[in-house]
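Record features (TrEMBL):
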type: REGION; residues: 1-29; note: region 'Disordered'
type: COMPBIAS; residues: 1-19; note: compositional bias 'Polar residues'
type: REPEAT; residues: 78-110; note: repeat 'ANK'
type: REPEAT; residues: 111-143; note: repeat 'ANK'
type: REPEAT; residues: 145-177; note: repeat 'ANK'
type: REPEAT; residues: 178-221; note: repeat 'ANK'
type: REPEAT; residues: 222-254; note: repeat 'ANK'
Amino acid sequence: MCSMVNNFNNPGEQIQNSETKGRLREQAQNQNMKKHSLWSLEYKQELTSPLCIAAAQGFTDCLLYLLEHGAHPNLNAGGKAALHEACSNGNTECAELLLEHGANPNQLTEDGLAPLHLCRTPQSLRCAKALVRHGANVDLPTEEEEDTPLLTAARHGLLHHAQLFLRYGANINHTSSSGETALGAACLEAQQKLGEDQNEGHLQVCRLLLSYGANVNLADNEQRTPLHKAARNVQISLVQRLLDHGADINAIDYNGCSPLSNVLQNAILRQEWQPDIVVQTLLNHGSIKVWPKALLKVLAACAAAPKTVEILFNSYTLVPVTYKWVEAIPEDIFK
């Protein structure tokens, strides 16, 4: 220790090799980096297994080799088993191979999802068929949200998946932890413009569910019915079909909104979806109108959607007009 002190005090014994100094400095920097990495917020190491990798990539021959040499089909490495990986990626041959070697069709991931819950794309239909053939529970809920495979299929607009689950006896009116039903989920995600063939999956699922007798008035935890959701998304075909099946046109949610109110709230955002037709349809079926004294607020919110405003205001025999109406209309719209 004394010799070290003497070295620093003696200018004649300073380190002469600048390269050595550079190396020492670099080592110190590397050591600091290692210390910082211990507290890194990006922890990228993930656990997996050769079986999971083969199933995820669709390497059927490799998967078979591993299974024949003792790989456990239900090993839950990193929170997922190989069957989960196969279904997530739509690798049907791998899924069937795993099921034939004893994979559990109802095994849950670390997040509480069964293989059927992971069949979320059209390409995964054959995986879903293989799972139900091997005894997968079509009413098994996820651990947290309590979504069933049917509800998951409805949310993603997967008509053929929904048909499959219903054929195997799925509970059509199951409610999740948020009170959501398959019909409500499909209505919530429906995004089809009038006269458009694209994005029709959710509408097709709704038709299917209604044909199987889905309860059209089951509300979620916010008291929103399927009609609230279809109206908010300005889905005229869906609104009409729900009304034809007895939807309560004047149901009120926890925010005090009716389906008509939901259309008006989105009228400006979706003018090209023709909200005026949805408003007219709801009024024709007996929707409660907006309180006359609240029409000023409607005008302020919907002034940029004049067709919608016109349809609504024409439904009144008398409208109390004041000078405040001019103030409520944005200047650019008023011009």
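Any Cβ shown, glycine's included, is placed from N, Cα and C.
TrEMBL entries are annotated by machine, without manual review.
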Sequence-distant contacts of the repeat 'ANK' (178-221), meaning Cβ under 8 Å and at least 6 residues beyond its ends, amount to 145, 147-148, 150-151, 153-159, 162-163, 166, 172, 227, 229-230, 233, 235-238, 241-242, 245-248, 251, 253, 272-274, 277
Contact set of the repeat 'ANK' (145-177) with the rest of its chain, CB cutoff 8 A exclusive, min separation 6+ beyond the ends, reads 114, 116-117, 119-122, 124-125, 128-129, 132, 136, 138-139, 183, 185-186, 188-190, 199, 201-202, 204-205, 208-209, 212-215, 218, 220
DSSP composition of the repeat 'ANK' (222-254), residue counts helix/strand/coil, works out to 16 helix, 0 strand, 17 coil
Helix, strand and coil residue totals from DSSP for the repeat 'ANK' (111-143) stand at 16 helix, 0 strand, 17 coil
Here the mean pLDDT of the repeat 'ANK' (78-110) is 97
